[in-house]
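Structure first, then comments.
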Amino acid sequence: MSSSIVVIAAGERSTEAVLAAEALRRAATAAGRSVTIEIRSDQGVLGALPTELTNGAAHVLIVGDADADTARFGDAQLLHLSLGAVLDDPAAAVSQLAATTAPASTSATTDASGAGGKRIVAITSCPTGIAHTFMAAEGLQQAAKKLGYQMRVETQGSVGAQDALTDEEIRAADVVIIAADREVDLARFGGKRLFKSGTKPAINDGPALIQKALAEAGVHGGAAPVAGANATSDAKGNARTGAYKHLMTGVSFMLPFVTAGGLLIALAFALGGIYAGDDAHQGTLAWSLFQIGAKAGFTLMVPALAGYIAYSIADRPGIAPGMIGGLVAANLNAGFLGGIIAGFIAGYGVAALNRYIKLPRNLEGLKPVLILPVLGTLLVGLAMMYVFGQPVADLLAWLTAWLRGMQGSSALLLGLLLGGMMAFDMGGPVNKAAYAFSTGLIASQVYTPMAAAMVAGMTPPLGIALATWVFRNRFTVEERGSATAAGVLGLAFVTEGAIPYAARDPLRTIPALVIGSAVAGAISMTAGAELKAPHGGIFVLLIPNAVTHLLNYVLALVVGVVVTAVALRLLKKPVADVIA
C-alpha cells in the first residue's frame, strides 16, 4: 500500500483539522494508499512526524495556511491545499497527492503494520458520541504511527459502531485500549491484555497513553469468560471510574428513548391537538403516534437509564436487575431520580454478589443466567418497594410541582444556573450534570429546563461566530476563518465548537460565554418555553409542537448570542496587527 505524508496546519481551526484528517484517511484507504498525518494547531501538535520520516520525505501534502514548519522537509516536493478544499473533496486531494508521488516514494515511510511493530486495537466513545469520540480515535492513530505500531480503532459514536474490530484483529492484538467516558461492552476481549482510560489522555498525549497501556494492561476476564460471569474487568483499576461515569453511561443509552418518544408525542399533538391521546381519538394516526411515543418510548426511558447505569458498574449481569428496578421506580412514580437510585443499587449489588458468591467451576455458568439476575432483581426490587420508592416519589412530586409553578425570580434563577453550567466547561462534567438533570425531567413531563439547557448550549459557538464577524479586531485570521464551522456546530447544539476559542484565552472567553448562556437560559425559563426533545438544535424547531412559545424561545437564543458577542468585545483585548 502506497504511503504519503500530510501536514494539516490548522491554527485555530482544530475541529476542522480533525475532520479533514479523518476524511483524508478514509479517502486514502479507499484509493489503496496510507497516509501519515500530523495536525498542527494552536492547541499543540497531534501525531508529530518522527525525524527519520521528515528527513526522508520526497512528497508532502500541506493542508491549511498556518505554519507547517516546512523547513524540516528539505528538498521534498510540497503540495499545498486549503482546509476547505480537502473537506469538500478529500478524494480529489488524495488523487492530487498520488499524481505528484513517484512510485519509489513508498520507501519514504515505514508502514506501522511492519513485522516489528506492536499490534494494538482500541475503542473510543463518549456520552454523546460526537466530538471526543473521534478526536480520541485520531489521537491514538497518530500516536501509533509515531511509535511504529499497528493500530485499529473502533469508534462507538452517536450513530453506532464504525470501523468495527474483527475477531482476527482482536486475536492478533498485543493489547486492547478502551479510551471511553462511558462503559463499553468488553465481552469480545476475554483473555486479552486490556487497559481502560478516558478520552482526554488519548486526545492530549496519545503516545504516553499507548506506552502506559503496554506497560500496565491487565488480562481481562480470564481465558474463556462464561457469558459475562466474570464481568468485572481486572483492568478496571487502570482508570478512575466513579458515579459520574456510570451515570453518563445510563444517560447516553436513555437519550434515544427520550428523543423518539418526545418527537412522536409532538407530532401527535401537531396532527390531533393536545387531546390526541384520549380514547375518543382511538384508531387515528395521532392517537397511534401518542401511544408509541408516550406509552412505549417514554415508558422505557427510566428502565433504560437504570439498566445501563447497572451495566456500567456490573457489566451484563447488571442489566436485568437494573432495568427491572427502573421499571419498579417508574411504576412507583419515582421517575428518573428513582431510576438513578435503582441503577446504582442494582449495579453495586450485582457486582458485590458476583465478587463474593463462589461456586464450583462446573456451576459457575449459573451465575450470569440465574443467580445474579434473580438475587440482584430481588435486592433492587425490595429496596425500591420498601425503602427508597415512596420517599423518592414524594421528592420528585415536590420538585415537579415546584418547577411547574416557577414564575418570576425563581424561574429566572434556575435559568441563569442551568445556562451558566452549560457554558462553563462545554461538554465537561458541569455541562453534563445540567444536561442530565434537564433530560431526566422529561420523564416527569417537565420540559422547561430542557429548553433552557439546549438554548444555553447553542449560545457559545453562535456567540463566538457572531463576535468574529462583528468585532474582527478581537480575533486572529485563523479564528475568523473557523467561525463558520463554529456557527454550524452551535446550530446543531454541539457546544464543543467553542472549545478552541476558549482554550486560547480562557480567562476572558469563558466568562463571556457563561454570561451569554445564562441570559439565554433565564429568558427561556421566564418565558415558559418547553422542549420535548433532548437534542437537535435549531433543526428541532421545525417540528410542530416540539417547542412551545417558539418566538420567545428564538428571542432567548438571539439575545443570548448577542450578549455573548458583546461580552467578548468587552473582555477580549484587540489582536495586534489585525484591522477591524
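Any Cβ shown, glycine's included, is placed from N, Cα and C.
Quantities reported herein were computed from a predicted structural model and do not represent experimental measurements.
Record features, source Swiss-Prot:
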{"type": "ACT_SITE", "residues": "Cys126", "note": "active site, phosphocysteine intermediate"}
{"type": "DOMAIN", "residues": "1-99", "note": "domain 'PTS EIIB type-2 1'"}
{"type": "DOMAIN", "residues": "120-215", "note": "domain 'PTS EIIB type-2 2'"}
{"type": "DOMAIN", "residues": "243-580", "note": "domain 'PTS EIIC type-2'"}
{"type": "MOD_RES", "residues": "Cys126", "note": "phosphocysteine"}
{"type": "TRANSMEM", "residues": "254-274", "note": "transmembrane segment"}
{"type": "TRANSMEM", "residues": "289-309", "note": "transmembrane segment"}
{"type": "TRANSMEM", "residues": "332-352", "note": "transmembrane segment"}
{"type": "TRANSMEM", "residues": "369-389", "note": "transmembrane segment"}
{"type": "TRANSMEM", "residues": "410-430", "note": "transmembrane segment"}
{"type": "TRANSMEM", "residues": "451-471", "note": "transmembrane segment"}
{"type": "TRANSMEM", "residues": "483-503", "note": "transmembrane segment"}
{"type": "TRANSMEM", "residues": "509-529", "note": "transmembrane segment"}
{"type": "TRANSMEM", "residues": "549-571", "note": "transmembrane segment"}
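Secondary structure of the domain 'PTS EIIB type-2 1' (1-99) per DSSP, as helix, strand and coil residue counts: 42 helix, 32 strand, 25 coil.
Remark: the transmembrane segment (451-471) makes no contact with the transmembrane segment (369-389), by the rule of 3 or more CB pairs under 8 A. Away from its own ends, the transmembrane segment (410-430) comes close to residues 128, 131-132, 244, 402-403, 437-438, 448-449, 452-453, 455-457, 459-460, 495-496, 498-499, 502, 510, 513-514, 516-526, 528, 560 of its chain (Cβ-Cβ under 8 Å, at least six residues beyond either end). Close to Cys126 (active site, phosphocysteine intermediate) in the fold, though at least 6 residues off in sequence, lie His132, Thr133, Ala136, Ala180, Asp181, Arg182, Thr199, each with a CB less than 8 Å from its CB. For the domain 'PTS EIIB type-2 2' (120-215), DSSP puts the residue distribution at 42 helix, 28 strand, 26 coil. Within its own chain, the transmembrane segment (509-529) is flanked in space by residues 406, 408, 411-412, 414-420, 422-424, 426, 448-449, 451-453, 455-460, 463-464, 498, 501-502, 547-550, 552-553, 555-557, 559-565, 567-568, 570-572, which lie at least six positions past its ends and keep a Cβ under 8 Å from the stretch. When Cβ-Cβ distances under 8 Å to the transmembrane segment (369-389) are tallied for each of 254-274, 332-352, 483-503, 549-571, the top count falls to 332-352.
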